Amino acid sequence: MTVTTAGWAAALDNSRRRTLAYTDLDDDELLRQHSPLMSPLVWDLAHVGNYEELWLVRALTGADPMLPGIDDLYDAFRHPRTDRPALPLLSPARARAYLADVRARALDTFGTLDARGALAPPDVAPASPAVAPGQTTRDRAGTLLSGGFVYGMVVQHEHQHDETMLATLQLRAGAPVVDEGAPPPPGRSVSGGDEVLVPAGEFVMGTSADPSAYDNERPAHRVTLPDFWIGRLPVSNRAHLAFIEDGGYDDERLWSPAGWAWRCREGLTAPLFWRPDGAGGWVRRRFGRDEPLPLDEPVQHVCWYEAQAHARWAGRRLPTEAEWEKACAFDPATGRSRRFPWGDQAPAPEHANLGHRSARPAPLGAYPAGASPCGAEQLIGDVWEWTSSDFSAYPGFVAFPYREYSEVFYQAPTGASGAGTSQGATGTEIGTGIEREFHGYKVLRGGSWATDPSAVRATFRNWDHPIRRQIFAGFRLARTGA
Ligand code: AVJ
Ligand code: FE
């Protein structure tokens, strides 16, 4: 899986084409805040350029900032999303020009990369790359370049913001502007039961060898789990409709206290973007179009609290992230963990619904070739899956290459919900700090239809507040026992 400089250039070009497609809109559309939860699209646009400047130009060469004040404007920690429309942001035209300038300079650094022979295969990548105090720019560049790490980080970052921009476009009112893509493959009815057994035992969670892995996926460590069952497929719209029709949104006993308080405050009665069609059925809005609710698709746009209540109603629970990863990656035949459910090969179209090939989740059963060794399907792609786990550090975690990617979002090791930790309370999220103080962060796994194949793997960890519904997230069920 050694990536060449031509490979990185192509990967950078792919994420950029996507960014430019999602921002190919009138200036007014780019400058407006479509939802208080989201940045104006023009902020995301210049932010991905600034991130690339910081990591592919300045960290590697020691160069000065390309524009005065640029780092402050696009620092997610300095300006919460609610405040971003009022900032003196680059105009759309200037932002596009800035991105092009940064890209030209970033491609120049390939000379350094080639000269150092730094594109090492994965097993040569440092186990937990760390920057020693007193390192020179040159030493630091060597560490960042090892295994092509910094290129993968920048490519993934841009794809993450591309997915965030899609969530903004889903919240946007008005005539559709998002490419519908190709229809997903057809579903199929699966045999062998709704749940699959994952026998008790040890597996390796996380990775120390994958050069594309973020610090929070490291290091690899052994985890022993008892027997558990996990849903063969994600929970469908049909099943969630049954939860609604059985009064699940009105039954306090099914909800956690925080979840019930949130449900009452917000008046939650169904997933975001659903509404009754007036004739006993439901429609959902998807990128500005109303359509009949497709019953055999994984449910999306539910928050963690809704997922948890549904699971309790079904006599199940959400999987922990360790359970999710074991069901996704562990191969009992070899005793090792795979990079993807189907093996170590990069995702192909028959494996998973990724990369906005379709602008929607695929129906249940659409990816038999993507099954994991235990028989679970659609773990990668379609919808992010809420797990029961708080976002926290693996044993032996070392922040790399900066604390603000993961570490500042970790839950306090003891006590409730990180209350009292003010650090990073704004993150890339809206900035009152209330979300973090009251709700913390829950881990999501597996990527969605909007996630690029280069930005997800069995070990990848995403996180968000358990109240969030605009992300492309659903869930699957689990239970302990054999
Ligand atoms: C990993 C998706 C939670 O969007 O807040 C983007 C990724 N970090 N820019 C986010 C990220 C910095 C992050 N998530
Ligand atoms: Fe970012």
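Glycine is treated like the rest: Cβ placed from N, Cα and C.
In TrEMBL, annotation is done automatically, which means it is predicted and not curated.
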Of the candidates HIS34, HIS47, HIS240, the one that TrEMBL places in the Fe cation site of HIS157, HIS161: HIS47
Sparsest Cβ surroundings (other CB atoms within 10 Å) among the binding-site residues ASP83, ASP464: ASP83
Neighbouring C-beta atoms (10 Å sphere around the C-beta of ARG84 (gamma-L-glutamyl-L-cysteine binding site)): 21
Rounded Cα-Cα span from HIS47 (Fe cation binding site) to ASP83 (gamma-L-glutamyl-L-cysteine binding site), Å: 15
Additional residues around Fe cation, ordered along the sequence, whose Cβ is within 8 Å of the centroid of HIS47, HIS157, HIS161: ASP44, VAL48, TYR51, GLU158, GLN160, THR164
